[in-house]
């Protein structure tokens, strides 16, 4: 049966990658279809009810700067907001929000249902329509054939998903949802490298059976940070605290005594789990000297009693889970509402992708999210937006776009994945970026909103607010440069009280603000110096740009040097055995990874500077020197 309409972009999957992919393509004015096995689970948080964190918050801000929906959704569905690393430099400060799981999902669904150019259809995808070697649409579980110029796969953990609780296991995409078996089998027939990964989740607990009074309360920040550049704290719903408790020796003893019943330690689970979100079994084994591990007790929402005990993800049998939970202070009488579990699933080697998320061997097919070996809502959302954008560009026969490593954490992530691949679930950290000072949360809009506007991702409302902010920043920076404080200034005494070294000569406000002990707010509070900008985001931008100007300029110089050969293209069909002077090891690694540029090749483990020089000579000799735009 043929569907009655053809689409520019078909997105398979309605999780965090799928919703961003579909809305990105739709914002570009393209006829877009979001195919989901269940409309009621659009934007569902399968694991912890939170958005953001170190590195992750940066990704959310970048998605927002490009017009994405995640930041706006969490502003409307977040029940606790905090800035992490607030005492550290601006490069590593990160926003995190606790979410009301149901409210967040409802907000996402409402956004999608009202999105122009976007249609939603509830059907599982079982097959791809091929036109020669390229994708031309999908086939649903009921045999409906839907034609599309491009297809984006954002299927999460559903491909051959296998859920484990103790020695028992059953097929599932996540708890309560069926797996995608037919599509997984179809994809295994294609020339793609495939492997297995695993992730897990803790048991959920009824708050009415818990004694929160013996735990440490953890409140949000005041004033509250806002995720979206066009958001406002007044949009936030009622705020609630989280709580902190700990495992203890009794907990650890229960786990050690039952490791033989763990599917991970019994060899039943083959997939590798996330390094930075290990199960409680892993923690006890890998950190045997630790007598306690933190558990963050997170409310699931404002209208439910369920709690999420972040830190005790487990796949041990249910009876052991009960013992583990009840050994913890405050949980002695806890009632588990849902058992914890581990899930194994198929993923595809992201080295088979171009940096724009398109398959190297199957034109018009794009991958985003956990199918690429990543973990986390934020990583999925960022990939989804990039895949949806490039699927839209491909549908219009326009050039692809992806950010460089110095432009965005999205660029860092996709370069890591497409160049190096991953053997374990990939998670974003600020430490993965070599140009952290350029890739701050606060300047994500400065870096990306202009580009997003050119690509058709940024609407008039966002563009107007962005330009108004930029005008404020530029005018204030000009005022700071041209306003001088001299030794006879009437407010000299107040200025000297602010600085470590009293003024002996005339200094501009900009020079004063460069001093480490001076803040913008304190300087503006001095009579005759202000007023401060009413927009705190613009004021923060002024302060950061002035205080860190030297460091920022130095990083820009480093980027300029690095870019000289970074964008030199390498032909995808190049046989490195034809390049004289390369070692067999280098040839094997280059033929395996098939890097798109000299920059990507240089970041492959074992590729030496000498090998890069040989490649450049070969390209020049054969007239192959080309650079990306």
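Keep in mind that glycine also has a Cβ here, set from the backbone N, Cα and C atoms.
Some features that Swiss-Prot has for this protein:
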| type | residues | note |
| --- | --- | --- |
| BINDING | 13, 14, 15, 16, 17, 18 | FAD binding site |
| BINDING | 273-287 | NAD(+) binding site |
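Positions of Swiss-Prot features highlighted on the structure.
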residue : record              : Cβ neighbours (10 Å)
13      : FAD binding site    : 31
16      : FAD binding site    : 32
17      : FAD binding site    : 34
18      : FAD binding site    : 30
273     : NAD(+) binding site : 22
277     : NAD(+) binding site : 19
279     : NAD(+) binding site : 25
281     : NAD(+) binding site : 26
285     : NAD(+) binding site : 17
287     : NAD(+) binding site : 12
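Neighbour counts were taken as the number of other C-beta atoms within 10 angstroms of each residue's C-beta; across the binding-site residues 275, 283, the minimum falls on 275. Counting only the Cα atoms, the space from residue 13 (FAD binding site) to residue 277 (NAD(+) binding site) is about 24 angstrom. Residue density at residue 15 (FAD binding site): 29 other Cβ atoms are found within 10 A of its Cβ, drawing on all protein chains shown. In this view, residue 14 (FAD binding site) is surrounded by 28 other Cβ atoms within 10 Å of its Cβ, with every protein chain counted. Residue 281 (NAD(+) binding site) sits 28 Å from residue 15 (FAD binding site), taking the C-alpha atoms as the reference points. Residue 275 (NAD(+) binding site) sits 21 Å from residue 17 (FAD binding site), counting Cα to Cα.
Taken residue by residue with DSSP, residue 287 (NAD(+) binding site) is part of neither helix nor strand, so it is coil. On the backbone, the CA of residue 15 (FAD binding site) and the CA of residue 285 (NAD(+) binding site) stand 33 Å apart. For the pair residue 18 (FAD binding site) and residue 273 (NAD(+) binding site), the C-alpha distance works out to 23 angstrom. Looking at residue 279 (NAD(+) binding site) and residue 16 (FAD binding site), their Cα atoms lie 23 Å from each other. Rounded to a whole value, the Cα-Cα separation of residue 285 (NAD(+) binding site) and residue 17 (FAD binding site) is 33 Å. For residue 283 (NAD(+) binding site), none of the binding-site residues have C-alpha atoms inside a 10 Å radius of its own C-alpha, out of 14, 16, 17. Rounded to a whole number, the distance between the Cα atoms of residue 287 (NAD(+) binding site) and residue 14 (FAD binding site) is 37 Å. Counting in whole angstrom, residue 17 (FAD binding site) lies 20 from residue 277 (NAD(+) binding site) by their C-alpha atoms. Annotated pair residue 277 (NAD(+) binding site) and residue 16 (FAD binding site), C-alpha to C-alpha distance, rounded: 19 Å. In this structure the alpha carbons, written CA, of residue 287 (NAD(+) binding site) and residue 16 (FAD binding site) are 32 Å apart.
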